[in-house]
Amino acid sequence: MPRLSEPSPYVEFDRKQWRALRMSTPLALTEEELVGLRGLGEQIDLLEVEEVYLPLARLIHLQVAARQRLFAATAEFLGEPQQNPDRPVPFVIGVAGSVAVGKSTTARVLQALLARWDHHPRVDLVTTDGFLYPNAELDRRNLMHRKGFPESYNRRALMRFVTSVKSGSDYACAPVYSHLKYDIIPGAKHVVRHPDILILEGLNVLQTGPTLMVSDLFDFGIYVDARIEDIEQWYISRFLAMRSTAFADPESHFHHYAALNDTKAVAAAREIWRSINRPNLVENILPTRPRATLVLRKDADHSINRLRLRKL
């Protein structure tokens with residue numbers, strides 16, 4: 001069994017120890033499906049899905065069932081009617097981590113696996129990008145240079161959205177963000193209708209504060225972790241690759257980067273990383289890591305080989 005050398009609220013696993021906890025959980029994901037879920041530059045393969053994500057899906061499945069029993073016990077204490085089994089209280093998962101660390105891929109793979117379980121087939125994934133203030137508002141507040149930092153989000157709207165989902169509303173609407181336009185799409189909405197599980201993915205979703213925060217409504221928190229130096233290199237590599245993908249679109253906000261040669265592209269990416277993404281990671285994102293129920297630690301090759309689970 002995995003052990004820590006001194007008392008701790010966490011238990012740590014290497015990949016071999018963790019994969020043993022899969023038990024008989026079946027792999028219900030094909031290579032073709034995985035290709036569609038894999039982010040640019042990500043190296044995840046079916047073996048990692050089997051050894052890392054299936055045990056995680058099993059753990060969450062068990063916690064969903066336990067959480068519903070807890071809600072039922074509270075309802076009994078209050079003398080309230082038992083909840084409709086077709087409309088359980090949604091189980092909310094937060095997925096946090098730096099830009100370029102692979103948290104979006106983690107969230108998509110987890111969504112695909114959890115939706116395969118008969119007991120919770122309705123799994124919605126929402127990113128916090130939609131809750132960024134529109135560029136016009138960021139300009140008005142002089143925050144364009146702080147885009148992605150906590151103050152650039154409409155945290156009240158995000159809180160209302162998650163509260164609405166968690167409280168069992170018939171539907172809740174999230175704004176939609178366009179990475180192509182680098183802005184909120186006016187009038188576009190992502191409609192969520194009483195899911196069994198909601199996955200909320202974003203840089204700062206585990207953030208705490210002096211008042212009620214969205215992380216206080218989470219049932220499970222995941223932090224995707226790696227060495228800062230490795231994340232920087234992944235960011236630069238992704239930036240270079242995007243010159244021939246997203247940046248190549250004439251409609252892209254970043255189309256002017258598409259024609260840069262390697263030397264200039266690396267310099268541009270490094271400047272963005274060191275002036276924006278690294279400070280945000282160090283000041284705001286990394287300090288939320290202890291809030292996670294599970295930390296997935298990546299090596300330089302993107303593979304997850306160490307995990308830390310909060311047991312208390």
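Keep in mind that glycine also has a Cβ here, set from the backbone N, Cα and C atoms.
According to Swiss-Prot, the ATP binding site annotation covers GLY97, SER98, VAL99, ALA100, VAL101, GLY102, LYS103, SER104, on the basis of sequence analysis. In the three-state DSSP scheme, SER104 (ATP binding site) falls into the helix class.
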Requested in this report: Compute the mean position of the Cβ atoms of GLY97, SER98, VAL99, ALA100, VAL101, GLY102, LYS103, SER104, which form the recorded ATP site, and then list in sequence order the other residues of that chain whose Cβ is within 8 Å of it.
Outcome: VAL224, ILE231
Query - Listed in sequence order, residues with CB under 8 A of GLY97 (ATP binding site) and six or more positions away - result: LYS103, THR106, LEU203, TYR223, VAL224, ASP225, ILE285
Query - Largest tally of Cβ atoms lying within 10 Å of a Cβ, found at which of the binding-site residues VAL99, ALA100 - result: ALA100
